[in-house]
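Summarising the annotation, TrEMBL assigns UDP-alpha-D-glucose binding site to Glu51, Asp80. Look at TrEMBL and you will find Asp80, Asp405 tagged as active site. According to TrEMBL, the feature Mn(2+) binding site maps to Lys214, Asp238. Under the heading transmembrane segment, TrEMBL lists 477-500, 512-531, 616-639, 651-670, 679-700.
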Amino acid sequence: MMQDLNLDSSCNFVKPSPTMEILKNFHTRCKRVHDLPSVDMFVTTADPVREPPILVANTLLSLLALNYPANKLACYVSDDGCSPLTYFSLKEASKFAKIWVPFCKKYNVKVRAPFRYFLNPPVATESSQFSKDWEMTKREYEKLSRKVEDATGDSHWLDAEDDFEAFSNTKPNDHSTIVKVVWENKGGVGEENEVPHFVYISREKRPNYLHHYKAGAMNFLVRVSGLMTNAPYMLNVDCDMYANEADVVRQAMCIFLQKSVNSNHCAFVQYPQDFYDSNADELTVLQSYLGQGIAGIQGPIYSGSGCFHTRRVMYGLLIDDLEEDGSLSSVAAREYLAEKNLEREFGNSKEIVKSVVEALQRKPNPQNTLANSLEAAQEVGHCHYEYQTSWGKTIGWLYESTAEDANTSIGIHSRGWTSSYISLEPPAFLGAMPPGGPDAMLQQRRWATGLLEVLFNKQSPLIGMFCRKIRFRQSLAYLYIFTWGLRSIPELFYCLLPAYCLLHNSALFPKGVYLGIIVMLVGMHCLYTLWEFMSLGFSVQSWFVSQSFWRIKTTCSWLFSIPDIILKLLGISKTVFIVTKKTMPKTMSGSGSGKAQREDDCPNQNSGKFEFDGSLYFLPGTFIVLVNLAALAGCSVSLQRLSPRHGGGGSGLAEACGSILVVMLFLPFLKGMFEKGKYGIPLSTISKAAFLAVLFVVFAL
């Protein structure tokens, strides 16, 4: 097993050898279907406008069609928006799944998200039977798409069935708990034509209750799945991240089930987040180097999607509570399995307490009818259920941060657990990043604010490195990531210093040989980052666009995370989780395997081109461009001479080159000043930035 997985015992990074070799070894350990562990799959969505239901349906279909026994899988979709449109779309998708799943398994389809698979026609050499099945399946998917599209603008279907009665008089932030078993695989034995369980849930929400955003939805998913299927492992994916590798579950189980690297200590298996558009080249490179580097310490950081979790670990189990064979120690058994302790920690539902005991003791879940658990599932979805329990504190996904993934991740590592990182080719999961613009800025601000929240809460690595079981180097890795938002202040100054020095006629850089050393160091850094991109198959243009976006997001988006966290710490306001808008791509795709090929197959015509609106996110960037243009204009018309006026101590060519470099990095803003429509900066933003630029110039002079 160790040899097949290319896994070093001192490292938590796994780069699998060819899939067939892994699965051959896996089948050796699990020769019979009933030997395979069950897996509960979670999908979260919250807004049918910002997260199109057809996109959620495609993610669902890709999960239902995975190469894993259907009677060992169950898919739960949490709809925090309580949208009848989302439920309708998912219900129709479950009907189509009875065609899609057998088709995928019969012909071993590689891409199992229909909206991607049907972009390319079948190969001419395929059999006539395959072509007929392909055409029939495509027609059925087009019917599904039309139904969802028609339902978006017409609500007559809402009253057509009694099944939608639960959605009457509901609001996204004010509704009762809804739990519906959309499809149950009754009596399933794992045959290819079977479709896994599918359950739709929407927890109760009231205006005067805290709901803890995605973390609260995930904890409700854990409770409902614990009542119904109680699988020992849980997969969570975002609603726009479809499964791109059909054997992804089997590969994750290879890590959990192997005995040679003390697999009992592995809390979760994280796959990198890859994307089928070219808006996320920078994130892909970051994961390839930083992510894999951190994986070599105590394991990768949980990144919110594409992750397999161990249920027992999410129930707050400590690593010291286990014996060598993975069973509970006698001390832990007395502490955890006492009924009063369980009710205090997990809530006063007897059914939940029973399922927790079974999960902690690794007892197989009896195959009961899912409908028998509906009443208990409704109970654990009430707003007040988590009151005075440990949910969100030491159990499940942790609260107190909008970056619930990083917060939960450091909580797990602080208890001594490790994690594993699997990087596949082709990628296990694929999604889409929002284009450069308001949605990207909003997402970056939420991430930076959430990371700063963790830095200042109980899970802070500043505390953990001294008094918890997290490794010192792992704490440093977390500290590096959590302080990203603080980088916005020095980067803002760096972007303004060359212009200030030009206007003030003062030197920013040393002269002579020392200037040459600085230029050499900067050049070496640029060449190294360029090598990082090109070694992964990305182009020079992609590298420059990513460098530009890094400066823009730092000064324009991360900057706002600092007042957000200050206001929260002072108790003046609270941070808010705003759902990022997802869009259905309109790109051609191939089934090829490499990042470079995905970039070529899916060219983004607007790569590096930003969309603008009147939000404050674009004020700092516009201000930076105007200030540097003013400084350069002053030099060009001899308002500020490049030659020093005070004995060689003034500004010079180096400062002018610095300002030119800043303008180049903020090129999308420079173009936006002359564009119209969504690619143009609003006049109000330009006016505010111009006023601030005048003040800056006056101050500098």
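Just so it is clear, glycine is given a Cβ too, placed from its N, Cα and C backbone atoms.
Same-chain neighbours of the transmembrane segment (679-700): 496, 499-500, 503-504, 609-614, 618-619, 622-623, 625-627, 630-631, 669, 671-673, counting only residues six or more beyond its ends whose CB sits under 8 Å from a CB of the stretch.
Recorded stretches compared: 512-531, 616-639, 651-670; the one with the most Cβ pairs under 8 Å to the transmembrane segment (477-500) is 616-639.
Taking Lys214, Asp238, Asp405 as the recorded positions under consideration, the smallest Cα distance to Glu51 (UDP-alpha-D-glucose binding site) is found for Asp238. Taking Asp80 (UDP-alpha-D-glucose binding site) as the reference point, the recorded positions whose C-alpha atoms are within 10 Å of its C-alpha, out of Lys214, Asp238, Asp405, are Lys214.
Cα to Cα, Lys214 (Mn(2+) binding site) and Asp405 (active site) are separated by 9 Å.
Listed in sequence order, the residues of the same chain lying 6 or more apart from Asp238 (Mn(2+) binding site) and placing their CB within less than 8 Å of its CB are Val43, Thr44, Thr59, Gly304, Ser305, Gly431. Its Cβ placed at the centre, Lys214 (Mn(2+) binding site) has 22 other Cβ atoms within 10 Å. Within the same chain, the residues at least 6 positions away from Asp405 (active site) whose Cβ sits under 8 Å from its Cβ are Ile301, Tyr302, Ser303, Gly304, listed in sequence order. Note on Asp80 (UDP-alpha-D-glucose binding site): other Cβ atoms within 10 Å of its Cβ, all shown chains, come to 24.
All protein chains considered, the CB of Glu51 (UDP-alpha-D-glucose binding site) has 24 other CB atoms within 10 Å.
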